[in-house]
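The structure under discussion appears below in the form of structure tokens.
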Amino acid sequence: MVMNSTVNEFILFGLTQDPRKQKAIFGVFLMLYLATLLGNFFIVVTIKRSSTLGSPMYFFLFYLSFTDACLSTTIAPRLIVDAISQRKTISYKECMTQVFSAHFFGCMDIFVLILMAFDRYVAICKPLRYTTIMNRHVCSVLVILGWVGSCIHSSAQILLALRLPFCGSNVIDHYFCDLQPLLKLACMDTYVINLLVVSNSGAICTVSFIILLISYVIILYSLRNYSAEGRRKALSTCTSHFIVVVLFFGPCIFIYTRPATTFPVDKVVAVFYTIGAPLLNPLIYTLRNAEVKNAMIKLWCSKV
């Protein structure tokens, strides 16, 4: 492993250089970040404290909310502070840490979404064996495997980033450190490294999305044997999951599955999976889920 020592810090360009827009970005994204933390905090505490939310679906939702809060915390604070800072610098070590953290929690998000889809598949397609297959031990092992897989993925990403030599501009045309904008600054042929990024991040996003689509098609096909009420309840749950999947995977596939080219729209697209998805997940899962809403009202109203 070769660690770069020619650059001590980078300058993050941010979403815009317009002073008026930067003030708006500070206010808007501060509110979005606080809403993200609050929403995911409510879900995590509600699931942990509620006796009615003990099923595997809520076990996985607990980890999705926790991971979303961590992913948002990896990205949003730097964006918010830089919006009102004159000097938008990030040290080399902080930049590499952000690359690792963003990919670690982003990958864990993907694994949890796959586990939630698998849970719905077993619940709908194999209802008689559901409690046997999806017992707490199995769910715990699956989550641990998700953490291990995320660590392997992010370690591969950081190893690629640490090998990049920088000898020219240190201005990153983005609002956080990621491999694509760093590849643009590297003073070497990055063709092979970009192929490795696509085969790692791009493949994980694309293959996971295809797996999720296939699982939902199988689930929808299986619903033909259910009663009208059973179909309605299952569709409501699966629709929530599918909205989250599209919001997260659409931007990820756009960013990570193409050659080493960057577009101005990349930063806006990245907002959807770094800021938007962690914010919308708690809203989608609470507004469309009566069990979570009722448990949340019962828990927090009793506290008040």
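Quick reminder: no glycine exception, Cβ is built from N, Cα and C everywhere.
Through the fold, the transmembrane segment (24-45) approaches residues 14-16, 61-62, 65-66, 68-69, 72-73, 76-77, 79-80, 83-84, 275, 278-279, 281-283, 285-286, 292, 296, 299-300 of its own chain, all at least 6 residues removed from its boundaries and within a Cβ separation under 8 Å. Residues or ranges marked as transmembrane segment in TrEMBL: 24-45 (among others).
Summarising the annotation, TrEMBL assigns domain 'G-protein coupled receptors family 1 profile' to 39-285. Mean pLDDT of the predicted structure over the domain 'G-protein coupled receptors family 1 profile' (39-285): 88.
Annotated transmembrane segment per TrEMBL: 57-80 (among others), in sequence order.
The transmembrane segment annotation in TrEMBL covers 100-118 (among others).
TrEMBL lists 138-160 (among others) with the feature transmembrane segment.
With a cut-off of 8 Å between Cβ atoms, the residues of this chain six or more beyond the transmembrane segment (201-223) that come close are 103, 107, 110, 113-114, 117-118, 120-121, 124-125, 153, 157, 179, 230-231, 234-235, 238, 241-242, 245, 249, 252-253, 256-258. For 201-223 (among others), the entry in TrEMBL reads transmembrane segment.
Using a Cβ-Cβ cut-off under 8 Å and counting only residues 6 or more beyond its ends in the same chain, the transmembrane segment (235-256) has close neighbours at 57, 106, 109-110, 113, 116-117, 120, 180, 197-198, 201-202, 205-206, 208-209, 212, 216, 219-220, 223, 266, 269-270, 272-273, 276-277, 280-281, 284-285, 288-289. Under the heading transmembrane segment, TrEMBL lists 235-256 (among others).
Within the same chain, residues 15, 29, 32-33, 35-36, 39-40, 42-43, 61, 64-65, 68-69, 71-72, 75-76, 79, 102, 106, 109, 174-176, 178, 240, 243-244, 247-248, 250-252, 254-255, 293, 296 sit at least 6 positions outside the transmembrane segment (268-287) and bring their C-beta atoms closer than 8 Å to a C-beta of that stretch. Feature annotation from TrEMBL assigns transmembrane segment to 268-287 (among others).
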Residues from the same chain, set at least six apart from the ends of the transmembrane segment (100-118), whose C-beta lies under 8 A from its own:
57, 60-61, 63-64, 67-68, 70-71, 74-75, 139, 142-143, 145-147, 149-151, 153-155, 157-158, 176-178, 201, 204-205, 208, 211-212, 215-216, 241, 244-245, 248-249, 252, 273-274, 277
